[in-house]
Amino acid sequence: IESHSKGSEYLCKPQAVFLQIYPRLSQDKAACCTLQVSPGATAAMVIQKAGATLGLDMTSPYALLEVRQAEGEERRLGDTEMPVERVLLWPPGARKRHPQEKGYYFILQAQGGEGALGSEMDGGGVPSLEEYDDLCSLSTLTEDTILAALRLRFYKHNIYTYARGILVAINPFKFLPIYNPKYVMMYNNQPLGKLSPHIFAVADVAYHTMLKQQENQCVVISGESGSGKTQSTNFLIHCLTALSQKGYSSGVKRTILGAGPVLEAFGNAKTAQNNNSSRFGKFIRVNYLKSGVVRGAVVEKYLLEKCRLVFRAKNERNYHVFYYLLVGASKEEQREFSLLQPEDYTYLQQDLRHEFERLHQAMEMVGFLPSTKKQIFSMLSAILYLGNVTYTQSEDGQALEAGPADVLSTLSDLLKVKQELLVEALTKRKQTTANDKLVLHYTLKEAVTARDSMAKSLYSSLFDWIVLHINHALLNRRDMEEAVSCLSIGILDIFGFEDFQTNSFEQFCINYANEKLQYYFNQHIFKLEQKEYQAEGISWSTIDYTDNLGCIHLISQKPTGLFHLLDEESNLPQATDDTLLNKFKQQHQDNPYFVPTTVMLPAFVIQHFAGKVKYQIKDFRKKNTDHMRPDIVALLRSSERAFMRQLIGSDPVAVFRWGILRATIRIIAAFNEAGSRRAVPGRLRHPIQLTFFSSHSSLLDFSFDRSDDNPLEVFEDIFNLMNSRSLKHIVGLTLHDRASRSLLHPHQRKKPPSISAQFQASLNKLLETVGKAEPFFIRCIRSNAEKKEMLFDNALVQQQLRYTGMLETVRIQKSGYNAKFTFTEFLEQFKVLLPKEATTAPEDIANLLQKMGLGQSTYQIGKTKVFLKEREKQHLQDTLNKEVMRHIVILQRWFRACLSRSHFLYKKDAAIRIQRCWRAFRADTRCRAATVIQAAWRGSQKRKDYLRKRNRCLETGFKIDWCSLPETDVKIWVVLYCTSNHRHTLHEPCPPLPYVLSKQKPHISYKGLMKGYQNRVSSLAEAKQQTEVQSVVNLFQSVLDGFIRGEIKRAEAGPVKVVLNRVRQTPLDHMFSTYQVNIMQSCDLCGSFIWGMEKAYMCSGDLLFTPISYWDDGVPGHLHFGVQVCVLTSKTYPIPMVVQMMLEHVEMNGLYTEGIYRKSGSACHARELHQLLETKRATLEKYSIHTVTGLVKRWLRELPEPLLTFSLYNDFLHAVELPEQSEQLRAVYQKLDDLPPSNFNTLERLVFHLVRVAKEEEHNRMSANSLAIVFAPCILRSPDTTDPFLSMKDISKTTTCVEILILEQFRRYNEKMQEITELEFAEALAVNKLMLKRQNTVKLDVPQMDDLNRSDIDMESERTLIERIKSIKEEK
């Protein structure tokens, strides 16, 4: 905005404003219109003024649009809106002058046009264009609507758009954050078009189509140079490798991902149109097993642009790798490879350090060893030094002299050839005649050509060797051993269409390849599609398209094609570039695709599908026969560097075999020499030198020089890198590209094929391979020629859309039928929707489609196929899915009904059984109650009779004459009388036993008393009760023994201590007394219960019971939840006490509870118990078992680091992915050894607990798999930094890992229990044997029990049995 008022006029006159209007009209108008308007001018006034300035017909309506590229929108201004007010809302930099580069400007367009962006109704009521994901959804199909739709999505950072199955990608020259693994998972197994357009969607559909149809797929990426084809290829490779998560193929994926940066460094360069332009074509074929696991890959390369090595246009650079090497090499590497600065090299003449490091990493991923990389970088340095070789005339003027001397010295050292031979090869050539060999001097032009040819051939050979090495790294050895059919997805990333200021032979070949690809695209999209419609007899209006077959015939058709004329002229020694051009014009002057030029202009013009391109005829013949001379080949093959000889070798397999043979001979010779040295007497034993490593002619070193410091790496490279069989297999896969190897043969009998012939052969092979696969197309579009970020050049994009036939493509995709089914395929896929009696007749299919309400224009039925549009096919598929789900629900409902019926019958039977048992129990209880009542009644009657008789006896004065009784009767009656009448007061007291006995005998022995008691009982017993006499005697003996022991203890005990009663002073005081309590525990091995004695306190005031076995001051830590395991453990307590307590409680009280770990307890009770456990006061018996088990899981989940630590998470997942179960088990247990001791001990206790739970699966319904599902998220969690979408996919692996642990421990537990059972059986046998032996000994010695004298033999056998029992217990 500029002011044209000054001083006081600013206050009284309105300020004039300049507006820049950009017309978007179909007519050719000025690119920009500058208007001077007042601040109050409305949009209608501005439109009128702009129309007058541009000379428009104002009878047609026009609209003024405000463009804001930052927000990605275009807004139509209403007629009454003021454009100046809108300008004031723009950023300051765009107010004064608002060019399109600033992103804020105005556009004038016809109101009926389709160029406005945005989706809202403007003030004037003119609807703006909506945003569509699919160009086929546009209501009106014109070039302008397609361009407007793409522009709208581009400015909203949506660079991908569909045209049905074709993806249109516009290069934003900026990295967008839409390529992380989250997007790979989001598009996984999703149909094309369901989500927003993305290149990952194409990769996913190609992958799943391959698995579903079991057919090879390919993705054809096309577009001109700078449109983003290489980057699209990289995204596809990343997605295709990420989709294959099955199996343990991370090494193959790593190699595939690393191959891309290596090939880009050696085959890409900066051009005027692209900073990372592919100067070669490549076809990457990723191989898969039928299950979807990556098997390997193959890389095929086409037409490396060798001339870029020695010549480039302005503002272009050589291959990336040279700059990476010079800028990124360390000082040591600079000295080793004799590197200079980039400006010091003729081949370069122009911060990449991080790119060099990236190249190092990528080469390591592919499998290049450090010494191999040294050889490669040394070769690159030699190629650069070749460009610095200069020529001067000798003094006599007859010959050329090469220099400078230091360059030649360094070059010969890098190539490992003699300097004299090198100079001779660069300045002279040998020619063989019929009778003699001639040595001719080069002219200056010939010498430069020979030097450049040598450099180009060396670089081309190096590039071929790198591709060969990459293919070997991607090779799966099983491909050569097993006859397993593989599927593949091919990705074609070939050079884009090029039109530079100076176009030469390379651009001619590149544009011919693009013509062939465009023809393939037209054939597949237009010709074959419409031909099928016509063959099926459906109604179809033919869509015309631009056929480029005539241009292809102009270039390659025999015998007058440009390629064939070029080969003919290349074989004629007198021919020149001018004669070649004249022949072109003579043969094709009437061809519409060949545009004639003036006579003086050394160029010709071809009308390609993308436009006219002018080619300079200079050096066409030379580049078509760009062969290395035989004398230079012989020089390089005489190099001392084995790597050099390998590059120049014509057959890699032969070179490899010859190297192995010569190396074997030298090994044998070295050992023979070492043996002869050892056999010479008196010779000092010096260290043996393996001389074959220093031999100058050995070919053992397949990729290393023998001057390396560590010669053992030679063997490592030979035996780990390649073998003859695999090398031969790789060469066979890329046979079309091996023709150039014949150019390096020093003795040519047959003239090698030309470069154009080789290129045509490899291109035909490529199209043949692509033709065998189901193609997916990606059209890449260059957004602007200046390579600026997020800038949309309408003219450039429209030009690309026009020559690629995008309008016709969208039209046929919109009108055509993407879904095709034969009648049989339709019946098989949609059988569920058809009636049961339906056949493959077209009438049944038509009835179904009509029944579903599909319009007549959305489908057609041909002679053998059904044609559907994509939307209707998706609708049909969705209906099929719903119908299948309905059937599944019916089956589930029926199954649940059967299951519920089975449960009901089971519960009914259980209820009947319970009722039956309850009735039997009640009847038995009543019977026993009646028996008890009757016994009590009879007992009471008998007692009444007894008391009546006793009273009568007492009344009659009955007395016992103790002295008149026999000795035995006295003892018996004393005992019986005293024990039977201790509750009653006798009228005549019983005399003391010693007094009574003293009258007869002063001493009664234990044996005599027992014998007298036995005789008395025998005499009183009846004949039928004689068998019970011994039982009565044994009972009396036990009572008597207890009485004697009690009396002895009472006599030995001291006086009774008086215990003072303690009274609490306050309610908070406690008076604790120490008690011994029994706490039941279980053995970790056998599961037997142990009643251990523990120390406890009991308050005599409030009876607060505080056991100290669980909580002790010695337990480390005060909090038990949410802390590290190591904090809760010590040497005394290797397992956290809170875990030990809860697990023991569950094992004692809950092993038989159904769903013990599947169900959850009360949340309130869980919080209460959690708080009590943290404060060290809890009685688990008060809470349900599910509350306790819930706290066990909570304790594990709240650990800062799980029991199976974060650092070992990926190791456990990799272990589970191993194919064999034994390998999985071994790998898991190896990783368990890496756990910290506290984690290992706690995990061991937990797994043992889970084994005990799983052992009772019959009752608690908790199998090993169920427990693994519950506890896997608790003990094997992914790190918090892991993407949750990725961690969700690992749930099955973590569950499998935990299940492996439980099942293995379950097996070991059963084995131990079986061993323990056997030991217990043996122990029982030994104990029974010992008891029998002792019983027999006691019966023999009953008269002498106090003086047991057994024989030595019996004692020895008893001692043996006791030792046997002890050993069994120890083993158990």
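Backbone N, Cα and C atoms are what each Cβ position is placed from, and that goes for glycine too.
Unlike curated entries, TrEMBL annotations are predicted automatically.
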Annotated region 'Actin-binding' segment (source TrEMBL; candidates 372-394, 763-785, 1200-1222): 763-785
Neighbours of Gly223, Glu224, Ser225, Gly226, Ser227, Gly228, Lys229, Thr230 excl. site residues, C-beta within 8 Å of centre, ATP: Asn171, Asn274, Ser277, Gly496, Cys780, Arg782
Protein Cβ atoms within 10 Å of Ser225 (ATP binding site), excluding its own: 22
Around the Cβ of Gly228 (ATP binding site), the count of other Cβ atoms that are within 10 Å: 25
Cβ packing number for Gly223 (ATP binding site), 10 Å threshold: 23
Per-state residue totals over the region 'Actin-binding' (763-785) - DSSP helix, strand, coil: 9 helix, 9 strand, 5 coil
